[in-house]
Structure formats: structure tokens, C-alpha cells
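K.L.:
Questions regarding the structure given below will be posed in turn.
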Amino acid sequence: MTTNYIFVTGGVVSSLGKGIAAASLAAILEARGLNVTIMKLDPYINVDPGTMSPTQHGEVFVTEDGAETDLDLGHYERFIRTKMTRRNNFTTGRIYSEVLRKERRGDYLGATIQVIPHITNAIKERIIEGGEGHDVVLVEIGGTVGDIESLPFLEAIRQMAVDVGREHTLYMHLTLVPYLAAAGEVKTKPTQHSVKELLSIGIQPDVLICRSDRAVPANERAKIALFCNVPEKAVISLKDVDSIYKIPGLLKSQGLDDYICKRFSLTCPEANLAEWEQVLYEESNPGGEVTIGMIGKYVELPDAYKSVIEALKHGGLKNRLTVNIKLIDSQDVETRGEEMLKELDAILIPGGFGYRGVEGKVLAARYAREHNIPYLGICLGMQVALMEFARNVAGMENANSTEFVPDCKYPVVALITEWRDEDGNVEIRTEESDLGGTMRVGGQQCHLTEGSLVRQMYGEPTIVERHRHRYEVNNMLLKQIEAAGLRVAGRSADNKLVEIIELPDHPWFVACQFHPEFTSTPRDGHPLFAGFVKAAGDYQKRQVK
């Protein structure tokens, strides 16, 4: 099998949506029967995003095999069926770490280690390794052309055309085509200069994606084609849209997939986008709306909860409901109390780290429990629900987690010091372990309790969901909590770790230690989010009555 590579770069400004554009193109190519995957190359020095602030970098997306990756990989999995792995994302930091490790071992036999060829070779090796077994690999280069940090990656992808053949490489460049109200027209000069910058590196783009708040007129696209040495049919207008799931259709309508298939000499049927048309139909024809409050500590940057937000929308699609998400700072709940939680049809508490805002989350969990409001707790959201129940129902005064109060009397949540990974190897963690790369992370089996609400929603006895945490329910105190009315609805494969809890006497109160948002997609949804949004709609109807 010959693998073809599409390298996606961005120019003029950041945040043009390279990841969405790449994922949308991948969705069309997949719909043509091609085996497609997507990679993200990040130019920052961090080894991975695992220890980066969510308010700076957004969420950390966890893959099935336990890699902590860029949030763009979440977009990739929501658009295509291929599951991402640790091969699909790497950073400058990881590349340099590997090269330096080899140098220390003496692998380079005393050679002077340089960016070219050692760093660029390592990058190319990673790209080729990640693309094995696929017809087409889309490779998104993080950052903006012109950034110093991106230069080794750009040089590596320039060399790829030499290594694998120009006929198997395509360069797709996203640029901004701004509209100037004073002039009453779009301006192409920024795009021309961005392409000039790319040419100075040795890369001639084959496709230009022109991002604008409106459709770029044909005459302006012809002008861009002339000055940038790109065929007119390869200059694509990509305007702002109210739903990212419209983008595959927009790209297909301009023949981008046909152009690429011809460029790679690929013979494949026309793309069938019926599934995406169904998603858009469900999105544009809701039967009602619900308001769900998300109580978090990183709410100033919604991207910190990107997959949760998307999963809630997917749950809305499956119930033909528009989901209005109200982001609420958990510290505001601490200071202003229950007034922050009124007018909500459901409450969701997502994952997080650190004690700041935790008591606000505990208060929100109590409010949901006492007022029969649907509640979904994820990761830390399960732990605070357990703390709240232990304190106010099970009689464990000031019950807490050892993450926040190490010497508390009732440590209902405690550090996992030992477990087995997916290969059966024993993992050991202590308070002294590094923060990076030391969590229980990735896909883990969970056995669902017969007769539980979650068993009913999933429709099967065993599931696999993705984790990212260090702390777990303390089994030593579990019997007292269960005796007070809490039900364990799911356990780990070895039956030692509590994965899901429910309140049988509550209309819909579910909390899980894993992150179900990472496996939700617009086409398939997710059982927990579909059930949660349905419960929000049912609660709203009860309130009206």
C-alpha cells in the first residue's frame, strides 16, 4: 500500500480552524471508502499537554491507548471513524527528548546533533510511522507559518516530498481573507504574503483554503490563484458557519475531494454524506430546548471543556433538543450559593484538579440531589458527589478527598497507589510521583451492575471508557456509604475500583470516574449524554406541570 500525505498549514493569524478543516476533509475522503487518519504536530516544548493549564491550552484529549493529546484529536475522532492513538500527536518537546536520549546512549556514534538532519529525520520517522496502513494521512502543523517554533516541522514536511515523492504529497494552506467594511471588499494581500512566506521555506501550496466571514467571490479566488501559483479549482472558499458539521458539505460542493483524489491518482466512489446530512437535519429541527449548567473551574475558556460541550450537543441531537449550556464558575457557587443554580434543567460537574472551587461543586451536587434535578458527574464530578453524599446522608462529617485534605477523618476519595494497566503490568504511584504521565489514563473495562440505570442505557454488561485521574473511591469506607442508599453501578475489570455510582431514589443521578465525553460523536452520540439530556427534558416537563 502506498500512503499519501496531506500537510495542513496555517497563515496570517492563528485560530483559523486548521483542525476542523482537516477533520472535515478527512470525513469526505473516508466517505469515499478511503482509510484515513489525521496527525497533529505541535511546536511547543512541552512533552505533551498533560501538565499544561486548561485555561491556556484547552482540554487534554485522552486516546484509547492512554495518550494525553491536543484537543484537535477530539475533533478528528468526532469527524472520522478511525480512533486516534499516541502516534497521532507529538510535540517539539517529545522529538527533542527522544533525540537527546539517543545521543546520550551513543546511538549517533559521536556525530554533532543538529536540527537538520537529526530533528527533521525524527519528525519524518514519526509521520511515516503514524501513517502506516492508511491510504491518506492528513498532518496538521500547529502554529502559524512564520513562527520560529514551527520551522523544524515545516522543513521536515518539505523533505517528505523528496522522500516519498511529490506525487504522494499535497500541501494545503489555510489563510485569512479579511473583509474590510470601509472598502466593501475582501482583501487578498495577506494570503499572498503568507504564501510568499511558505515559498521562502521551500513549500509551494497545492490547495488554498480561504477563511473569511463570507464567501470569497470567484474573481478574488482567481486573483489568489494567479498570484499564488495555484489552480483556480484548488482555491477553496470556507466561510464562517453556524455549525462545524456543515463544513464537509461545503468542501465537497467545491470539489476539493475530487481534486485531491485525482492528484493522488486514487480511484474511489463518490462520497456519501447522508450521515452528516442527518446530523444537520437533527441539529436544525429540534423539538425543544433545555438548559444545562456546567459547574467548573476553567469556565473562562470554554475549550477547557470542549469534548463535554460537544457531547452535550450530541445528546441533544439524539433527543431532538437544543442544549443551552450555562458555564458557571464553581467559586461563584461558593460565594453566591443556590441562586446560581436556579432555572437549570440539569447539572453537570466535569473533571478538574485542585481544591479551588471544590466546595462550590459539592454544593451543586447537593442541590441536584435534594431537588431531584438530573445530575451527571464526570471524574472529579463523581468524587464531589460522593463527598456530598457521605457528608449529608451517610453521616460522615467533613468527608473529603486526600487530594484536598490529606489527614481528613473520612477520606472517601484517596490516591491510587497501585493498579494494573491494559497489558497487566503493575503501575505504582505515590505523592512523590511526577505530575506528568503518571495517571490512570486511557481505555479501561468496566462491568455494569445488573438492574442499574447505566446498564439499561448502555444496553450491555461490559463497556470500555477512557480515564484520566489519580484518585479513586476509598473502598474501606464504601460499605457505610452504600448502606445509606448509594449504589455502585459499575466496577473495574478486576472488581476493585468503583467506576460509576447512582442514586436509586433519584430520577436521574449518575456519576462516573471515567470521561465519557471522549467517545461521543455527532453521528452516534453517547448513552450517558443521550440519557442525561433526555432526563433534563423530562425534568423540564415535570416543572411545567
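Even glycines carry a Cβ here, placed using N, Cα and C.
Straight out of Swiss-Prot:
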- 2-266: region 'Amidoligase domain' (REGION)
- S14, D147, I148, E149, K187, T188, K189, P190, T191, Q192, K223: CTP binding site (BINDING)
- S15, L16, G17, K18, G19, I20, D72, K239, D240, V241: ATP binding site (BINDING)
- G352, L380, G381, M382, Q383, E403, R470: L-glutamine binding site (BINDING)
K.L.:
Among the binding-site residues G17, G19, G352, G381, which residue has the fewest other Cβ atoms within 10 Å of its own Cβ?
P.N.:
G17
K.L.:
For S15 (ATP binding site), name the DSSP secondary structure in the helix/strand/coil scheme.
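P.N.:
Once the DSSP labels are grouped into three classes, S15 (ATP binding site) ends up as coil.
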K.L.:
When you measure from the Cβ of S14 (CTP binding site), how many other Cβ atoms are you left with inside 10 Å?
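P.N.:
I count 12 other Cβ atoms within 10 Å of it.
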K.L.:
Return the member of S14, G19, D72, I148, K189 nearest to Q383 (L-glutamine binding site) in space, with distance defined Cα to Cα and candidates limited to these binding-site residues.
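P.N.:
That would be D72, the closest of S14, G19, D72, I148, K189 to Q383 (L-glutamine binding site).
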K.L.:
Within 8 Å of the centroid of the Cβ atoms of G352, L380, G381, M382, Q383, E403, R470, which other residues of that chain place their own Cβ, given that this set defines the recorded L-glutamine site?
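P.N.:
Other same-chain residues with Cβ inside the cutoff are G351, F353, C379, V384, S401, V413, H469, Y471.
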K.L.:
Say you check the Cα of S14 (CTP binding site) against those of the binding-site residues G352, G381, R470; which is nearest?
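P.N.:
Sorting the binding-site residues by distance from S14 (CTP binding site), the top entry is G352.
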K.L.:
List the Cα distance (Å, whole number) between G17 (ATP binding site) and T191 (CTP binding site).
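P.N.:
Just about 16 Å between their Cα atoms.
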K.L.:
Cα distance, M382 (L-glutamine binding site) to G19 (ATP binding site), nearest Å?
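P.N.:
For G19 (ATP binding site) versus M382 (L-glutamine binding site), the Cα atoms are 31 Å apart.
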K.L.:
Judged by the number of other CB atoms within 10 angstroms, which among I148, L380, M382 is the least packed of the binding-site residues?
P.N.:
I148
K.L.:
Give me the CA-CA distance between I148 (CTP binding site) and S15 (ATP binding site), in Å, as a whole number.
P.N.:
17
K.L.:
Between the Cα atoms of D72 (ATP binding site) and G381 (L-glutamine binding site), find the distance and write it as a whole number of Å.
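P.N.:
So the Cα of G381 (L-glutamine binding site) lies 24 Å away from that of D72 (ATP binding site).
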K.L.:
Could you state the CA-to-CA distance between K189 (CTP binding site) and M382 (L-glutamine binding site) to the nearest Å?
P.N.:
52
K.L.:
Counting only residues 6+ apart in the same chain, whose Cβ is under 8 Å from the Cβ of K223 (CTP binding site)?
P.N.:
T188
